[in-house]
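Participant: Questions regarding the structure given below will be posed in turn.
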Amino acid sequence: MSFDFDLFVIGAGSGGVRAARFAAGFGARVAVAESRYLGGTCVNVGCVPKKLLVYGAHFSEDFEQARAYGWSAGEAQFDWATLIGNKNREIQRLNGIYRNLLVNSGVTLLEGHARLLDAHSVEVDGQRFSAKHILVATGGWPQVPDIPGKEHAITSNEAFFLERLPRRVLVVGGGYIAVEFASIFNGLGAETTLLYRRDLFLRGFDRSVREHLRDELGKKGLDLQFNSDIARIDKQADGSLAATLKDGRVLEADCVFYATGRRPMLDDLGLENTAVKLTDKGFIAVDEHYQTSEPSILALGDVIGRVQLTPVALAEGMAVARRLFKPEEYRPVDYKLIPTAVFSLPNIGTVGLTEEEALSAGHKVKIFESRFRPMKLTLTDDQEKTLMKLVVDAHDDRVLGCHMVGAEAGEILQGIAVAMKAGATKQAFDETIGIHPTAAEEFVTLRTPTR
């Protein structure tokens, strides 16, 4: 049977574009359909614009700290419109880069909504195409709980396009997106409250990291309200919002921002026309090769719900392209030791097991931990402290986990992730000469276990 394409990719996000480009490079006839924006969540309403806003939010501290170093530039003023305008231009530039990457790779780009008609057919805005393989890489979408007044709330999708910076913001959620945006709004000068229905945010991260970040965010004036949740949202006559909590309290705000989870983007995808099955949580079920229950259809990225991170989707896209069209170069994605960062202020960087995970897995561990005031702040009144922590297997000396809260934690942990991937032991850390004076050298000078 002949097909229009060897591979038809639905979704031009990080994973879909990676799979399409490399499949085309391996000689396959490839098409990509995208209904919204090139680059997916990461480029448009995720990692990239968020990191730009994090940079913007940190300047208030930079200006204040500069005074201790002899700099005086008058009173700093922030303009939201300038930041958002410049951010938009950068995203448009990146959209163009993604377009060029696809076109220059020989990929057919179709801008429109794609819908599955059967196991080998896709319709894009009335046009029908056939493909030997179809890859679903449609990503995820933020969700807001079904409460009265939820139409007054926003998510990360809308936050990047607000016309003005809200004066008072309620951020609802306890995951990394909630913590990052609470840091952003707080750093830019908004009166910010973070509400979370449990006793401490960032479930799944090391307990020491969670508690340390809680304390540091509190120092910066962020109002943290745990064991709290919103029951309803009402719009006031003056346009402000009144959020009634489940305990009866009412909090007033100009913006209620929800970061309470994401769902797979499967709307009107036509899965009912195929044999594709979903998991209990609504993600597309796949095997170790990203194969769905329909032999000709594959899926990757956020839509399969494994590890919802851009670099993971990129690795999955590469694996799919190689397995289908260059099998001699195929290597499965290794989901162990995936480094992660949270771009809160201060940042979190982490790789490997938490202390709790190591103990649950039966490891006898030694914990090395240090909390210190970074050198940059010693001339200032800023009392922010950095946390560095190593979780070490007491039996074979292997470093099981590395965790940090502090400036540029993600940059530091990326390098350590390579060492841990190579099986680094605590002895290897001890024998490594540090770069002085840096914060990073603390990881190779931790000598005495704290427990």
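Every residue gets a Cβ built from N, Cα and C, even glycine.
The feature FAD binding site is assigned by Swiss-Prot to Ser14, Gly15, Glu34, Thr41, Cys42, Lys50, Ala114, Asp302, Thr310, His436, with similarity to another entry given as support. Annotation comment: Swiss-Prot describes Ser14, Tyr98 as glutathione binding site, evidence class similarity to another entry. Marked as disulfide bond by Swiss-Prot: Cys42-Cys47. Positions annotated as NADP(+) binding site by Swiss-Prot, on the basis of similarity to another entry: Gly174, Ile177, Glu180, Arg197, Arg203, Gly261, Ala341. The active site, proton acceptor feature in Swiss-Prot is assigned to His436.
Walk me through where these features lie, including what they touch and how far apart they are.
Facilitator: In the three-state DSSP classification, Ser14 (FAD binding site) falls within a helix. For Ser14 (FAD binding site), the count of additional Cβ atoms within 10 Å of its Cβ stands at 30 [all protein chains shown].
In the three-state DSSP scheme, Tyr98 (glutathione binding site) is classed as helix. Long-range Cβ neighbours of Tyr98 (glutathione binding site) (same chain, at least 6 residues apart, Cβ-Cβ under 8 Å): Ala12, Val17, Leu38, Gly39, Val43.
The Cβ of Cys42 (FAD binding site) lies under 8 Å from the Cβ of Gly13, Ser14, Val48, Thr310, each on the same chain and at least six residues away in sequence.
Classification of Gly261 (NADP(+) binding site) by DSSP places it in coil, neither helical nor stranded.
In sequence order, no residues are near His436 (active site, proton acceptor), counting only same-chain partners six or more apart with C-beta under 8 A.
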Participant: Between Ala341 (NADP(+) binding site) and Cys47 (disulfide bond), what C-alpha distance do you get in Å?
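Facilitator: One finds 11 Å between the Cα atoms of these residues.
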Participant: Rounded to whole angstrom, what's the largest C-alpha distance between any two of Gly174, Ile177, Glu180, Arg197, Arg203, Gly261, Ala341, listed as binding NADP(+)?
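Facilitator: Across Gly174, Ile177, Glu180, Arg197, Arg203, Gly261, Ala341, the two farthest Cα atoms sit 23 Å apart.
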Participant: Which one is it: of the recorded positions Cys47, Ile177, Glu180, whose Cα lies the shortest distance from the Cα of Glu34 (FAD binding site)?
Facilitator: Cys47
